[in-house]
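Peer 1: Structure incoming, see below.
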Amino acid sequence: MTNSGSIQSTLQETRKFLPASEFSAQAHISSEEQYQSMWQKAKDDPAGFWGELSQELQWIKPWTEVISGEMPETRWFTGGQINACENCVDRHLTSWRRNKAAILWEGEPGDTRVLTYNDLHREVSKFANVLKKLGVNTGDRVTLYMPMIPELAIAMLACARIGATHSIIFGGFSADAVADRNNDAQAKIIVTADGGWRRGKEVPLKSAVDESLTKSHTVQKVVVVRRTGQQVHMQTDRDYWWHDLMSDVDPHCDVVPLDSEHPLFILYTSGSTGKPKGVMHTTAGYLLGTTMTSRWVFDLKEEDTYWCTADIGWITGHSYVVYGPLSNGSTVVMYEGAPNWPDEGRFWEIIEKYRVSIFYTAPTAIRAFIKWGDHWPQSRDLSSLRLLGSVGEPINPEAWMWYHRMIGQERCPIVDTWWQTETGAIMISPLPGISATKPGSCTRPLPGVVPEIVSKEGTPLEANEGGLLVMKQPWPSMLRTLYGDHERFKQTYFSTIEGAYFAGDGARRDADGDIWVMGRVDDVLNVSGHRLSTMEVESSLVAHPAVAEAAVVGFPHEIKGEGICCFVTLKTADSEGSDSLTADLIQHVRKQIGALATPDKIRYTAALPKTRSGKIMRRLLRDIAAGRESVQDTTTLEDLSILAKLRDSDDA
Ligand code: WTA
């Protein structure tokens, strides 16, 4: 298990913080009894519970059955027809909300745009017509590889409007990663931009798309948003400017009625093998999950200004920048760039400027803020904030306390939300009106979520015993399959523990029943809140001509949570790697996967420590990478390997 430093500190954590009574009084879920009765009802009668809540959505045709089939083949709201875009946009047009800001957007250079729900409706309808004109049909896959600009949200919702399944690729991924994902999803078109702004530099997206298209052949058309104005190559009859297409298209587009289980999107995420998994979510269940959790966890109210800092390229952005808040008719802040551009106070400036009331970010960002210094938030007026959230990795108590004091000014509840790409929506989290929060604990399951902590054999564990976190009951927003590989879906999530969903985390429950997630128990790293498989980095390294073998492990990193340490053996007899080779290998991995996979350390060794059966001893390597083993400079890995063989050599 990784991040042992923070596990140590969470084991000793005893502080508790109760919500202020004024907050509780106005919250959507405002009493313990209310929570208990919701949770119990959802457990005992899930069909009744979710069936009632489904009335929160607008249906085209009512469903006939809430839940059918056993996990993992559960289907939700059978017989119903619905459209996610209609729920996020059109249904707000019948009231004064029509003129409410849906998106308050700020570009990194400081340019701004406001889109009301009416504006959003017009732009989305137009782009849906553009997609149709380009030959996109219901059921086709559309790749979106874009910066954080309103056109990304518009393109998603336009896909949803006509029932095209979007597959968003985070802008930090490389051309190769784009090609792999396009091929796997068999995407018909790709929407991109010339580039995006990040720390004052232009991130070239269109040129990466051009490169990816030499390796992926299903893509027929490319739509390009002009964002940075940089020079790009436009291929006739393949590449089109967004603004040209939008200038002459009908602003009216009917929504397409879609079955509840129609695939809404695919989102690739790292698993414990090298090949990314295409997590597939469907329409009604996902929408209901994100709609309700947005309301329960963020306590969303009509007048809130809500800002989730995640990039839409990740699940957090899908669920809590776009679908969840827009389905609730909220005003969402969207920011294009880096938190430290032009200076380290940018986020606090944005909060002050837009009077943000709900702020949702990641522990890695919080740790960076701490390092940058208190004077940045202190020099801004943060009094508009009423609730803070955290997501993506376990939050260390120190970062939690700083967030609580410096940003929340001891006034704002903190919701530490545990969930995954696969779960679609938040699963375990404090409810801000009732929960006693504890620094480092995501506390209790939301209504409809029935977690258990079990041993490897599946036996439920006692309080404070660490084990595997599993889900015993299906929930509406769970993934339905891995695109094109249903076997892998069953194998990955439903074969470890009989009759339960398991997606790779270790956790414990304390004596109060609160859950503490400790981190991944598989070979998945969590680098700055981004999932990355060690195998992905390893296969990239061994594809380099100089490398014979590679083993990649995580190590505790002050800002990133986990850093990437690569142990490498070379093909040439002498194992001494040079500085220039190190630079070359780092560049190679960045090129193959993307900047998010940049190795922090490359260590050369003559051989990798292995068990008798030839398995790489990762635990030993993790200890070395973390500096936990008192490794003498002269000690080689072979020596350690022998040492480890003498001890228990079964490295799990
Ligand atoms: C980790 C992000 C502890 C966990 C929404 C999970 C967390 C993985 C938390 C999913 C949290 C996410 N506390 N760990 N509050 N939130 N994680 O798919 O290891 O990018 O399995 O989804 O992040 O990452 P993913």
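Cβ coordinates come from backbone N, Cα and C, glycine included.
Keep in mind the model is a prediction, meaning the values are calculated, not measured.
Annotations per TrEMBL:
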DOMAIN    99-475  domain 'AMP-dependent synthetase/ligase'
BINDING   ARG198, ARG199, GLY200, LYS201, THR316, ASN340, SER528, ARG590  CoA binding site
BINDING   GLY392, GLU393, PRO394, ASP416, THR417, TRP418, TRP419, GLN420, THR421, ASP505, ARG520, ARG531  ATP binding site
DOMAIN    536-615  domain 'AMP-binding enzyme C-terminal'
BINDING   VAL542, HIS544, VAL547  Mg(2+) binding site
MOD_RES   LYS615  N6-acetyllysine
Peer 1: By the DSSP assignment reduced to helix, strand and coil, which category contains ARG198 (CoA binding site)?
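Peer 2: ARG198 (CoA binding site) sits in a strand per DSSP.
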Peer 1: Going through the binding-site residues ASN340, THR417, TRP419, THR421, VAL542, HIS544 in sequence order, which have a CB under 6 Å from an atom of ligand 1?
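Peer 2: Going through ASN340, THR417, TRP419, THR421, VAL542, HIS544 in sequence order, those close to ligand 1 turn out to be THR417, TRP419, THR421.
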Peer 1: Near THR421 (ATP binding site), how many other Cβ atoms are within 10 Å of its Cβ?
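Peer 2: Its Cβ shell of radius 10 Å holds 20 other Cβ atoms.
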Peer 1: Given a 10 Å Cβ-Cβ cut-off, pick out the one of the recorded positions ARG520, LYS615 that has the most other Cβ atoms nearby.
Peer 2: ARG520
Peer 1: Taking the Cβ of VAL542 (Mg(2+) binding site) as the centre, count every other Cβ atom within 10 Å, in any protein chain shown.
Peer 2: 13
Peer 1: Could you give me three numbers for the domain 'AMP-binding enzyme C-terminal' (536-615), the DSSP helix, strand and coil residue counts?
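Peer 2: The composition, in the requested order, is 24 helix, 27 strand, 29 coil.
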Peer 1: Cα distance, SER528 (CoA binding site) to GLY392 (ATP binding site), nearest Å?
Peer 2: 8
Peer 1: Going by Cα-Cα distance, which of the binding-site residues (ARG520, VAL542, VAL547) sits nearest to ARG590 (CoA binding site)?
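Peer 2: Minimum Cα distance from ARG590 (CoA binding site) across ARG520, VAL542, VAL547 lands on VAL542.
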Peer 1: Counting only residues 6+ apart in the same chain, whose Cβ is under 8 Å from the Cβ of SER528 (CoA binding site)?
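Peer 2: Within the chain, SER528 (CoA binding site) has Cβ neighbours under 8 Å at ALA362, THR364, ILE559, LYS560, GLY561, LEU596.
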Peer 1: Any same-chain residues 6+ apart from THR316 (CoA binding site) with CB under 8 Å of its CB? Would you list them in sequence order, or say none?
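Peer 2: THR316 (CoA binding site) has long-range Cβ partners CYS308, ALA310, TYR360, VAL391, GLY392.
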Peer 1: When you rank THR421, ARG520, HIS544 by Cα distance to ARG198 (CoA binding site), which of the binding-site residues ends up on top as the closest?
Peer 2: THR421
Peer 1: Around the Mg(2+) site recorded as VAL542, HIS544, VAL547, what other same-chain residues have a C-beta within 8 angstroms of the site's C-beta center?
Peer 2: SER540, LEU541, ALA543, PRO545, ALA546, ALA548, ALA550, VAL568, LEU585, HIS588
Peer 1: Would you report the average pLDDT that the model assigns to the domain 'AMP-dependent synthetase/ligase' (99-475)?
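Peer 2: PLDDT averaged over the stretch: 97.
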Peer 1: Tell me, how many other CB atoms lie within 10 A of the CB of GLY392 (ATP binding site), whichever protein chain they belong to?
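Peer 2: By my count, 23.
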Peer 1: Between THR421 (ATP binding site) and HIS544 (Mg(2+) binding site), what C-alpha distance do you get in Å?
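Peer 2: So the alpha carbons of THR421 (ATP binding site) and HIS544 (Mg(2+) binding site) sit roughly 31 Å from each other.
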